[in-house]
Amino acid sequence: VLPGVAHARSRLQESRERLSVLSKLCYAVGGAPYQITGCALGFFLQIYLLDVAQLDAFCASIILFVGRAWDAITDPMVGFFISKSSWTCFGRLMPWIIFSTPFAVISYILIWFVPDISRGQVMWYLVFYCMFQTLVTCFHVPYSALTMFISREQSERDSATAYRMTVEVLGTVLGTAIQGQIVGKVDTPCIESPLFIGMTNSSVALEELNMTHDTGSLTDTRNAYMIAAGVIGGLYILCALILWAGVREKRESSELQSDEPVSFFQGLKLVMNHGAYIKLIAGFLFTSLGFMLLEGNFALFCTYTLGFRNEFHNILLAIMLSATLTIPFWQWFLTRFGKKTAVYVGISSAIPFLIMVAVLDSNLIVTYIVAVAAGISVAAAFLLPWSMLPDVVDDFKLQHPSSHGHEAIFFSFYVFFTKFTSGVSLGISTLSLDFAGYQTRGCSQPSEVNFTLKMLVSAAPVVLILLGLLLFKLYPIDEEKRRKNKKALQDLREESNSSSESDNTELASIV
């Protein structure tokens, strides 16, 4: 009788933990702001700083590196403060999301504004870029940890994650489309290099050529960036409101009845000693780095190396649309064949196409084919880290059943390592363009710049992806291990609930 009762109780508990489609959609919409803004900044900030704000490549590299590095530092800081936050009537995570939103939108819009000052432009972009990164972290870290608070059922969390990844990749499409199509409608004036027109005094030549171009066209370009920023800011606020209205945190979803709180630094030490977590973030660190290098330099690569100045925003859109449409396929694939297999197949599929775009001569049709193929791999790179992190958290809970409240640490430090290394790589890549002789607003670039861009979007990402895939060999949680963990964790919760119910019954009888 007892096994039957336990089974019935388990079935009842599972039914209670099921999330409605509407709840999953509202949860998923909350992931869009980070991706919309991140995609717009990732694809367009470098070319904006160089060709629209007209900063030299060295200053742009400082802004990009410091901004990314600061963004990385804020993740564990915010994770620490969240772990110290008290539960409110709105939950522990939701207040962070709501209160950071309006300030994040203001700072985001100011990133795309060109101040009318002769000095201090570098400081302007540095301050508002870092400010936005801090505020968007206050949104995204608690949102990422929210995965563990919406349900105790692993299948429901995986399903919600699939919804989230679909909407997040759709967010990258929106970010690319809004920024690219609005900005792409305006032609940014370029300057012919004196090297190509037989002039010897380059500084005088640049000044004279700049005088002959329509300065109003550059003003139109700057206005277009501001309009795009305003539209994206409005979407940010709308998505935050939908998340707040449609999702409720469940405090009991992430902790066992017998849990006792552990301090942040004790929890950090436990998390960093958890082998499965370190191996997972090491693998994704390199693969993510490869895709971020591609993202950061692709607009310049299309504009100068391939010569598609008026097509690059459409090529970026093709990548993101392809990624969005294939997220459901990868969700089916990882369910059918396992998450580790999905990592190898999905992420490695980009390698031959990255090689192809650098080796073959410039061809628009081939570039679009490569863009679609790369999008398929980008979808896998988006989905898999966030689908696998909850498995690591569950594995940690089984090894440390008396420790809880560390979900934000797991998610924030994964983002920390990824962002910090991407900041270093993006800063170095922009600096390498400076060393290669990048010419601000040039209609064409020296051959050294074109060669550098090929290395940054092809050779370097391929090497990083291969290193990441090799490290994934060490990741210990396969499908069999994951099923065992799920059953063990369910048994532990049932035991904890049964113990709690028996204690309550005994107390009632005494009373």
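Backbone N, Cα and C define each Cβ position, glycine as well.
Residues or ranges marked as compositional bias 'Basic and acidic residues' by TrEMBL: 486-496. Taken residue by residue, the compositional bias 'Basic and acidic residues' (486-496) breaks down under DSSP into 11 helix, 0 strand, 0 coil.
As annotated by TrEMBL, region 'Disordered' applies to 486-511.
The feature transmembrane segment is assigned by TrEMBL to 25-49 (among others). Outside the transmembrane segment (25-49), and at least 6 residues removed from its termini, the chain residues within Cβ reach (under 8 Å) are 19, 55, 59-60, 63-64, 97, 101, 108, 111-112, 125, 132, 136, 139-140, 143, 146, 150, 160, 163-172, 174-176, 178-180, 183, 225, 228-229, 232, 235-236, 239-240, 242-243, 245-247, 292, 295-300, 303, 316, 320, 426, 430.
If you look up TrEMBL, you'll see 93-114 (among others) marked as transmembrane segment.
The list of residues near the transmembrane segment (126-150) in space but at least 6 beyond its ends in sequence, with Cβ under 8 angstroms from a Cβ of it, reads 19, 23, 27, 30-31, 33-34, 37-38, 62-63, 66-68, 70-71, 74-75, 78-79, 82, 91-94, 96-97, 99-101, 103-104, 107-108, 110-111, 156-157, 160-161, 164, 240, 243, 247, 249-251, 253-254, 386, 389-390, 393, 407-408, 410-412, 415. According to TrEMBL, the transmembrane segment annotation covers 126-150 (among others).
What TrEMBL records for 224-247 (among others) is transmembrane segment.
Within the chain carrying the transmembrane segment (276-294), a Cβ under 8 angstroms from the stretch's Cβ atoms is held by residues 42, 343, 347, 350, 354, 374, 378, 381, 384-385, 388-389, 392, 395-396, 410, 413-414, 417-418, 421-422, 425-426, 429, 456-457, 460-465, 467-469, 471-472, 474-477, all 6 or more beyond its ends. For 276-294 (among others), the entry in TrEMBL reads transmembrane segment.
Annotation source TrEMBL lists transmembrane segment at 314-334 (among others). Nonlocal intrachain contacts for the transmembrane segment (314-334), taken as residues 6+ away from its ends with a CB within less than 8 angstroms of a stretch CB, comprise 39, 43, 162, 165-166, 169-170, 172-173, 175-177, 180-181, 184, 298-299, 302, 308, 341-342, 345-346, 367-368, 371-376, 378-380, 382-384, 387.
When Cβ-Cβ distances below 8 Å are used as the criterion, the transmembrane segment (341-359) is approached by residues 283, 287, 291, 294, 330, 333-334, 366-367, 369-370, 373-374, 376-381, 384, 454, 457-459, 461-462, 465-466, 468-469, 472 of the same chain, each at least six residues removed from its ends. What TrEMBL records for 341-359 (among others) is transmembrane segment.
Tertiary proximity for the transmembrane segment (365-387) is limited to same-chain residues at least six positions away from its ends with a CB under 8 Å from its CB atoms, namely 144, 147, 158, 161-162, 164-165, 168-169, 280, 284, 287-288, 291, 294, 302, 306, 308, 315-316, 318-324, 326-327, 329-331, 334, 339, 342-343, 345-350, 353-354, 356-357, 414. The transmembrane segment annotation in TrEMBL covers 365-387 (among others).
The transmembrane segment annotation in TrEMBL covers 408-431 (among others). Beyond the transmembrane segment (408-431), the same-chain residues lying 6 or more positions past its ends with a Cβ under 8 Å from any Cβ of the stretch are 46, 57-58, 60-62, 64-69, 71-73, 75-76, 78-79, 82-83, 140-142, 144-145, 147, 264, 267-268, 271-272, 277, 280-281, 284-285, 288-289, 292-293, 296-297, 385, 389, 392-393, 396, 456.
Per TrEMBL, the feature transmembrane segment maps to 451-475 (among others). Sequence-remote contacts of a segment are chain residues at least 6 beyond its ends whose Cβ falls under 8 Å from one of its Cβ atoms, and for the transmembrane segment (451-475) they are 276, 279-280, 282-291, 293-294, 296-298, 300-301, 304-305, 340, 343-344, 347-348, 350-351, 354-355, 357-358, 429, 432-433, 436.
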